[in-house]
Amino acid sequence: MGKNVVVLGTQWGDEGKGKIVDLLTQDAQVVVRYQGGHNAGHTLKINGVKTVLRLIPSGMLRPNVTCYVANGVVLSPQALLSEIKELEGNGINVRERLRISLACPLILPYHIALDKARETHMGKSAIGTTGRGIGPAYEDKVARRALRVGDLFHRDRFANKLTELLDYHNFVLTQYFKQPAVDLESLLDESLQWAEELRPMVCDVSACLHEHRKQGENILFEGAQGVYLDIDHGTYPYVTSSNTCVGSVINGAGFGPRYIDYVLGITKAYTTRVGGGPFPTELLDDVGKRIAERGQEFGAVTGRPRRCGWFDAVLLKRSIELNSISGLCVTKLDVLDGLEVLRIAVAYKDRDGNILSRPPLAADDFNDLLPVYEELPGWQESTADVTVMSDLPANARAYLKRIEEILGIPIDMLSTGPERDSTITLRDPFL
């Protein structure tokens, strides 16, 4: 019997999912992206070579793994084909092992134009999107007007739908945002070229996944972003436009909940987020700068600096509940090397002194909250590239043990560096 494992981020994204997915694919035959778009970058470092994947599942770097982009992903054909060619330039045979859902909504140039125009228009109130058209594409999907991958292969139908959509979106672009219109003919020509390149790779992904399941193959579902960017459960409105929680596997890949065997939650040993929004444990002092520098905390896609702060157990507890997480993988422990004191947020305190054990549901409700910290001693020894738990400094082990105690869940994996081998596996999710 094969196992079906979900890997997802438990914070605000950028937790190091790509490396862990790549590592786990040594035991998987199939890897699936089930939500998001090319706004999230998964960074892999193998034998000193860094690769950033945005749409293509991280399993593509393993020669015997079949990779799927499922219906929950909003797909930019331009971004996907660019990524394919980049990987092919590095000698990776992508097209024979990549399959794309016919039901993926398309991200087209007008989505990108709308995304950028809105952010500019909002000024200081901007959400801080990546400007890649993700939100507007999901809007079209929910409004039942989206063009999907399958539409590309029906020229007349596609042209008619595109004409109607462009009339609508160009009106908003030109009349409200005072931006140039997107040209119909050039977009139609480009779309037909995309269709020919994508045609050999498309399929009914859900049906394919169930065939793999029936054959007893191991399937790994690769999440993008993190729990607190979820459109429903995140720090709304400072969120992404998709569901990033485990339930998105069910809708975004057509895979029933009873088939999921294990959920691995990825968390940094501290906390980061990109863009605006609440961040209770954010550090604006020299310690925060030190963590950012040591952790090289810059967005893989945008290059934007990440905000850094202490580990927030309040947020993690809720992530565990929302996703029925089986075990944790803690990443970037080595970034904390050399700090005298470490802090873990175990609760929040409001302006009246009331102690809150759960995070609020709306971003504005974080404004008057302060974290309640538990302090632990740091360590001066290096944890970089350690591969055996007993070789970690005693205080590092104590820090991890305390996280387990507070959260009531085991740490099953630990990442001590960017390379595949810089990992401690205490429990293999596929075993």
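All positions are counted from 1 along the displayed chain.
Quick reminder: no glycine exception, Cβ is built from N, Cα and C everywhere.
These come from Swiss-Prot:
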BINDING   13-19, 41-43, ARG306, 332-334, 415-417  GTP binding site
ACT_SITE  ASP14  active site, proton acceptor
BINDING   ASP14, GLY41  Mg(2+) binding site
BINDING   ASP14, GLU15, GLY16, LYS17, ASN39, ALA40, GLY41, HIS42, THR130, ARG144, GLN225, THR240, ARG304  IMP binding site
ACT_SITE  HIS42  active site, proton donor
BINDING   ALA300, VAL301, THR302, GLY303, ARG304, PRO305, ARG306  substrate binding site
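Across the structure, LYS19 (GTP binding site) and HIS42 (active site, proton donor) place their CA atoms 8 angstrom apart.
Cβ neighbour density within 10 Å is lowest for ARG304 among the binding-site residues LYS19, ARG304, ARG306. The Cα of ASN39 (IMP binding site) lies closest to that of GLY303, out of the binding-site residues GLY16, GLY303, PRO305, THR416.
Across the fold, the C-alpha of GLY41 (Mg(2+) binding site) and the C-alpha of ARG306 (substrate binding site) stand 14 Å from each other. When secondary structure is read from DSSP and collapsed to three states, LYS19 (GTP binding site) falls in the helix class. Considering only the recorded positions HIS42, GLY303, PRO305, the residue whose Cα is spatially closest to the Cα of THR130 (IMP binding site) is GLY303. HIS42 (active site, proton donor) falls within a strand segment according to DSSP. Counting in whole angstrom, HIS42 (active site, proton donor) lies 9 from GLN225 (IMP binding site) by their C-alpha atoms. PRO305 (substrate binding site) falls within a strand segment according to DSSP. The most densely surrounded of the recorded positions ASP14, THR43, LEU333, judged by C-beta neighbours within 10 angstroms, is ASP14. A C-beta separation below 8 Å, combined with a sequence spacing of at least six in one chain, links GLN225 (IMP binding site) to GLY9, TRP12, GLY13, GLY36, ASN39, ALA40, THR240, SER242, THR244.
Per-site Cβ counts within 10 Å over the binding-site residues GLY13, GLY16 peak at GLY13.
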